[in-house]
């Protein structure tokens with residue numbers, strides 16, 4: 001379950017960026033997750049909610065864009081969807097060398113939506129424990 | 001005002017930075033890290049015991065760090081080889097991370113170590129995503145695990161630079177289909193070397209050590225296809241390259257301390273603390289370490305590094321010598337209690 005570690009890394013990086021920009025409420029985070037990144041989106045969403053609690057991301061929505069894994073062979077013209085489990089030998093010529101994975105290992109924060117107006121301009125009611 | 005801001009940061013950028021700095025620092029002092037991944041029970045420890053003994057017999061200075069969720073059994077077994085061994089208890093965390101490893105090495109790893117074997121937590125999922133600063137990543141699978149293991153855990157097998165099959169002495173009894181296994185590995189990691197070993201029967205012993213030494217001597221290691229495939233649009237401040245860049249001298253590690261105040265002075269030029277990982281500052285006290293034979297421990301994430309008493313380097317200590325030496329010393333008094341082994345495992 002390294003999704004918790006990943007969620008915490010995401011929250012840490014966003015917190016840092018939000019802090020630097022003076023943002024006071026992050027409302028959504030958009031991630032790009034490759035098919036071969038080894039991350040389970042549902043597990044990540046669950047962990048993300050927990051990791052956001054008590055931070056500037058509290059209640060933020062996680063939007064995950066998945067990226068298909070594709071590869072190409074140095075000698076064949078076409079690229080192919082490697083699928084899962086991945087097929088990383090060239091389906092055209094069978095070559096196992098000079099194969100390049102073009103996409104599918106992404107795990108990155110694309111963008112963040114936050115509020116950076118005057119403090120107190122939060123869009124939701126504060127929860128009792130925040131009052 | 002509501003704004004959408006492009007961040008474009010790799011989520012594991014901090015781990016990758018820490019790994020790169022660790023690799024650069026260790027390589028500079030002549031230490032090669034071998035990261036060993038496998039499922040629980042695949043025979044990592046048994047094989048490693050034999051390789052450590054071999055290394056010691058050949059007077060190659062090696063050390064081993066073994067990570068488990070709990071118990072110090074593996075370190076006790078490995079310490080019988082007489083080489084420096086350290087147990088890291090992750091307290092439930094399913095993998096090691098580079099900054100965590102760096103902290104455990106700091107002050108423990110003998111300067112002259114040529115090969116450091118890191119026995120990762122027994123898990124084929126989580127550790128796969130974390131570069132530990134290794135120069136050789138090895139995945140192990142025993143003949144009992146099924147020929148389709150590489151397909152079930154494609155990231156672990158797909159990112160390996162060497163695949164080690166263990167327990168070949170019982171291959172026949174369990175009808176291990178070597179050709180099918182090889183074909184499955186080839187599918188997810190074309191071109192990777194696959195070796196057959198048996199810690200009990202002796203097959204293939206020494207190969208792991210040889211490959212590690214070769215990697216340390218600058219031999220070209222396998223670059224898995226899967227190590228590519230990250231097309232991120234790079235951000236301004238994280239343009240550090242991707243994947244398994246094993247090139248040396250990419251020391252991006254400085255100035256990344258985000259102020260969580262660990263107080264570790266990393267005077268050895270490795271193990272830069274990026275300071276913002278989940279492994280500290282969030283109330284998870286994982287990452288305790290115990291040195292066996294002579295390592296000193298400063299593994300807890302919640303206390304300051306302290307040099308501790310000088311533990312003499314004793315490579316000649318008798319394997320399996322008494323427990324009092326193995327037990328955590330007074331340094332650990334302020335740490336949470338750990339499981340103490342009731343008996344030395346056979």
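Backbone N, Cα and C atoms are what each Cβ position is placed from, and that goes for glycine too.
In TrEMBL this protein carries:
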BINDING   A:2  Ni(2+) binding site
BINDING   A:73, A:76, A:90, A:93  Zn(2+) binding site
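Where TrEMBL records a feature, it is marked here on the structure.
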{"residue": "A:2", "record": "Ni(2+) binding site", "DSSP class": "coil"}
{"residue": "A:73", "record": "Zn(2+) binding site", "DSSP class": "strand"}
{"residue": "A:90", "record": "Zn(2+) binding site", "DSSP class": "coil"}
By the count of other Cβ atoms within 10 Å, pick out the sparsest of the binding-site residues A:76, A:93.
A:93
Report, in sequence order, every one of the binding-site residues (A:73, A:76, A:93) having a CB within less than 8 angstroms of a CB belonging to chain B; if no such residue exists, report 'none'.
none
How long is the line from the C-alpha of residue A:2 (Ni(2+) binding site) to the C-alpha of residue A:93 (Zn(2+) binding site), rounded to the nearest angstrom?
37
Around the C-beta of residue A:90 (Zn(2+) binding site), how many further C-beta atoms are within 10 angstroms, looking at every protein chain?
21
Cβ-Cβ distance under 8 Å to residue A:73 (Zn(2+) binding site), same chain, at least six residues away:
A:90, A:92, A:93, A:95, A:98, A:99, A:100
Around the Zn(2+) site formed by A:73, A:76, A:90, A:93, list the extra residues of the same chain whose Cβ is within 8 Å of the site's Cβ centroid.
A:72, A:74, A:75, A:91, A:92, A:94, A:95, A:99
